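Colleague: One structure coming up, written as structure tokens, with questions to follow.
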């Protein structure tokens, strides 16, 4: 091969290699650009259309590393869409209730820094349950705990921890409140927090950690709310609030809130005469609440809330085994489903019940006169038949030698049904135990079960003689 042929051959090979390298670089550049722009797109499974990621709440930020010829490209995988809760599954069929949680706050206060609280409740987001309570701005072993029997002071705040975690010094103070309610709409928490002067209180509506709306007292007489969870269906949450006399006519209103903004207010209608401290649960597509009549009835009022047209109806639980305290002996107590029974209506205590076909599950103190002991049972026909008194599946939660207090319901969505759970406030200190100057509580929590269960008693358990004065 002569020199000219060698030059031509070498040149041809070099040109071929250069062309191949150029094509590879173009391919790498095209891949890089494509992946960069697809980083901000998701495939919608319903319509196979490309949707932007930006409006979607990010639960996880996953990064996938792709290696191409020593070139590293980072690609963000779009997360699943977070949806509002609708609670459309049926209610679980249960045989009774099984123990779920107990925080032992008072026992732990004997040797640790635990908040003084009252008015506890439980509520769950789609993945986890939390316990709430209204703190008194002090721990128990602290001179500020003197006088914490009082309900409304400016230092009270709403506390929030994972269920089962006592309210220690690291507990988050969600808002300023001496009355509250909380619920999760599937995307974020809503907290309704009431504080201020008795004659001119303010309710703040905090959504996703931001104050979105507020409303002032409308009757200038202790604006107050549920002291248990509110309920959200398809992005709209509802909460029951009362302003007015605690032992006479008051003004109850049902508020509808969308992402923290009040979108509608409905007045109470129906036959209920007095409403306080409702325990509400989803009954798709609506919401149902069992409340406290602090004026005329020891039978509990019922509020039915239509989430579509904002209409309200109210009545009373039909069961002749009534749920409030104080109350008449079971042999002489009554309820006609529509009206207060005018039997020891004042004062009362927060409680709960829920319908199960024609029957009703309910909880109440064992004592008919004071907040001691706690029991649950089902009343056959208790939701549909006036003065029904056939009791089955009774369980003792706290024996009658120990103090109880408020109780309320919360709902948990399972794979196939919605379970009903309840908590019991276990009050210690004043007014019943005058050796100490404080008033506080722990809680015990039970949930519905379709299985079998045993017996027991789950009181607070603290020896008052071991406690700080």
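Using the three backbone atoms N, Cα and C, a Cβ is placed for every residue, glycine included.
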Colleague: In Swiss-Prot, the residues 293, 297 are said to bind Ca(2+). Which of 251, 324, 329, 330 is said to bind at that same site?
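Modeller: The one candidate that Swiss-Prot places in that Ca(2+) site: 324.
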Colleague: Here the binding-site residues are 118, 292; which one has the lowest number of other Cβ atoms no more than 10 Å from its Cβ?
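Modeller: Output over binding-site residues 118, 292: least Cβ neighbours within 10 Å is 118.
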Colleague: Any same-chain residues 6+ apart from residue 129 (disulfide bond) with CB under 8 Å of its CB? Would you list them in sequence order, or say none?
Modeller: 101, 122, 123, 162, 163, 410, 412
Colleague: Which ones, of the recorded positions 151, 276, 277, 417, have a Cα no more than 10 Å from the Cα of residue 293 (Ca(2+) binding site)?
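Modeller: Close recorded positions: 276, 277.
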Colleague: If you average the pLDDT over the region 'Head of neuraminidase' (91-469), what number do you get?
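Modeller: Averaged over the region 'Head of neuraminidase' (91-469), the predicted model reaches a pLDDT of 98.
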Colleague: Give the number of CB atoms, excluding that of residue 421 (disulfide bond) itself, located within 10 Å of its CB.
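Modeller: A 10 Å sphere around the Cβ of residue 421 (disulfide bond) contains 22 other Cβ atoms.
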Colleague: List only the single closest residue to residue 92 (disulfide bond), chosen from the recorded positions 183, 289, 324 by CA-CA distance.
Modeller: 289
Colleague: To the nearest whole angstrom, state the Cα distance for the pair residue 278 (disulfide bond) and residue 289 (disulfide bond).
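Modeller: Between the Cα atoms of residue 278 (disulfide bond) and residue 289 (disulfide bond), the distance comes to 6 Å.
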